[in-house]
Structures are given as C-alpha cells and as structure tokens.
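Heads up: the structure comes next, in structure tokens.
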Amino acid sequence: MSKVGTSDSKNTLYCSFCGKSQHEVRKLIAGPTVFICDECVELCMDIIREENKSSLVKSRDGIPTPKEICKVLDDYVIGQNHAKKVLSVAVHNHYKRLNHQTKHNDVELAKSNILLIGPTGSGKTLLAQTLARILDVPFTMADATTLTEAGYVGEDVENIILKLLQAADYNVERAQRGIVYIDEIDKISRKSDNPSITRDVSGEGVQQALLKIMEGTVASVPPQGGRKHPQQEFLQVDTTNILFICGGAFAGLEKIISSRGRTTSIGFAAQVLAPEDRRTGEIFRHVEPEDLLKYGLIPEFVGRLPVVATLEDLDENSLKKILTDPKNALVKQYQRLFEMENVELTFADEALGAVARKAIERKTGARGLRSILESILLETMFDLPGLEGVEEVVISREVVDGTARPLYIYADRTDRAAETSASA
C-alpha cells in the first residue's frame, strides 16, 4: 500500500491501493480502515472477469458444437452440406484439442489441417471467413501464387504468420490459436514429375517451405518488417496450434480422378457416364491422395492435410438462393443501395434464374454474380440520382438477356411506366 487512507491537514483522503487522492478520482469508497477508488474497483472487476473466462474454458470447451457451427454456416453459405459437416467437425475437434491438451498428457492429439477442393466460385474462401467469424479468432488469408522460397523475389512463407500476428493486434497468444487460409494452393503444384529438371522456386519449393509452419515450428517474425527495421527484436510465434485451411480449384484434377476408373457402376442397369458428362464437383468427391500426388503435390504436403472437404458445382437453384437468401445476399445489398435513393428495387423470379444461368455459362460460380448484376444495373445506378419521382425499378428476364431496359415506376402516376421494353 502506497499511502494509508488517512486524512492530512486539509482532510484529503487517498486510495489505499493506488495512492490517488479523492480529487484525482471520481469516487472513493470507504471501508473500516481502508479506502478504494473507482479505478481500482474497475481493475479488480477486469481481473475477476478474466479469471471467470479462463475457468469457463477449463470447465467447458468454450466453442460451439459442430451442429451449431454448421447452422451458422448455413446463414452465409448456400449448399455444400458435406463440406460444412467436414469443416464443422474438424474445427470443433481442433479447438477441443487446444482446450484440453494440458489435461490429457497421456495421449497426444495431432493437428488436422484442412484441404478444400472445389470449382471456382463454389464458396471455399467464404467458408473459411465465416468460420473465423464464428470462433472469434484471428484470421488471415494468403495467396499461394505470391509465395516463393526464401531468397527469391516474392513473399516468404513467414509473411503469412506476420499477417496473422497483425490480425491479432500483435497478441502472440491469440495468434497461436488463429486460422490461416491459403488460397490457390493448387498453383504451387510441382511443374514436372522429375523434381531435378530445374529449380522450382514457386512450386515444390514453396510446398517444402510450408511444411514447417503447417506441422509446427517456432517462427521468428519481425513485427515491423525485417528490411526497414533490421535492429528490431523478433517475436517468437509457435505455429503448432494454428489451424491451416488450404483451398484450390484444382483444374484438371477431375481428369486424373476419372482416369482411375474405380467409381464406375457394374451391372446391366448401371448408368455409366463419361467424364465430360459428370459435374466436376461430383468427380471431386472421389479424390484420393494418389490423385493429388499425380497433380503435383509432394507426399509430405498431402500428409499435412489429412482432412479433405470437396465442394460441389453450384446449380441454378443454388445460385438463385445465393442471390436472395444469405444475410449479406447480393440482391439485398443492391436493394439497400436503391433504398438510399428512396427507390424500391424488384427482381422478377425469371430474372434471377437468368442471372444464375449466365454465371453457369461463364463457369465463374457465385463469384461471377456480382459482375453480372453490376452490368445489369450500371445504367440505372448512373441515371437514378438525377431522376425525380421514381418509386420502383423492376428488373425482368428480358433486362438480364439484354433485350429490354429496366422498368421505372413513378410515384405521381402509377399507371405510367417509363423506359419500357425498349430494345437494347
């Protein structure tokens, strides 16, 4: 105690814990022989909250169940039920392992990193982002195409840990429980079956560099960038408990899987489809580690990704639901933009189907929906702020097909529609 809570000649009272006078604090609470200020009370409450939080983690997992994780994923990601189940179970088990690793020292539970395989625009990145939002842990994304071996032009794999540390506000303890999503992982496949032909600094070399941080190592991370501040102290980050999720479209992998020919049906009534007649996502469901090895991933790298979740192609109905159902659906976003102009935006059901078919034709999946809507609504969003009296804008199938312009409905004369079905 710095100062006893007694009064001086001016009868000034002091906090018995921090020593501040009654004039320096908002409130001073008196006890039988001591005084405590409001700041010390708040500090004590913070300590108690942290203690309660840690005891809660010890008594319970502190993370949602797989069903709860899957339910939240349903709010943001349409379809992909199998991938959601695989991810929910894998993430739940990973954090359950973290919370109980000090209790069960007799059995060491290995980490299960995740590999997401699916066509472009099927929701791989969105699944990883939503998982990080559910679990409230630091999350970072990295592009595998920018990674090179140390010493070559490009990003080192240690930069991934630096980004995760920045997402955790340089809290090393939080960063060591975070999630790293590495996109375009198929782009670092080995360029040739013969590994000794040439130096592959962005393919097999990156796979070798990623092995260390994915399995678990203590990475030395310069918090402000090593080149600009060479004298700074390095932060030590243990990657053992960081969950790595790798995703990629793996274009051409379906041909390797089909060439195995082990998924064909047998019998007179069996319907055997040629590879070109089967959807890519359906073929991906039968992927085996040997297929990934033939694609160009090295055996050690495949071994670090024991959990494989395959995503399916999005059909027309799924794409229509993506446009309207999620909390952050594209149609809802554009309707909100039009509401700011006091205008209601309406899409006909046939128009949504036409947008979905366009995305399927372009083979861009859900990622291409925004660009399609942007091109459809560009002229309307350009003209609308300068128009008066517009109450509603209606988008029909003909508008999506490019044979008509949006229908403008005015507030003063509801029976009049401007900009009607003029040829584009």
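From the backbone N, Cα and C atoms, a Cβ is placed for every residue, glycine too.
Annotation comment: Swiss-Prot describes 3-56 as domain 'ClpX-type ZB'.
Per Swiss-Prot, the feature Zn(2+) binding site maps to CYS15, CYS18, CYS37, CYS40.
For the recorded site, PRO119 (ATP binding site), the DSSP three-state label reads coil. Applying an 8 A CB threshold to same-chain residues 6+ apart, the list for PRO119 (ATP binding site) reads ALA249, THR280, GLY281, LEU311, ASP313, LYS363, GLY365. Residues annotated as ATP binding site in Swiss-Prot: PRO119, THR120, GLY121, SER122, GLY123, LYS124, THR125, LEU126.
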Neighbour-count leader, CB within 10 A, binding-site residues: CYS18, CYS37, CYS40, LEU126: CYS37
Those residues of the chain, 6+ apart, with a Cβ under 8 Å from that of GLY121 (ATP binding site): LEU314, ALA359, THR364, GLY365, ALA366, ARG367, GLY368
The domain 'ClpX-type ZB' (3-56) [mean pLDDT, rounded to integer]: 75
Where CYS37 (Zn(2+) binding site) sits in the secondary structure, as DSSP reduces it to three classes: strand
DSSP state at LEU126 (ATP binding site), helix/strand/coil: helix
THR120 (ATP binding site): tally of other CB atoms within 10 A of its CB: 15
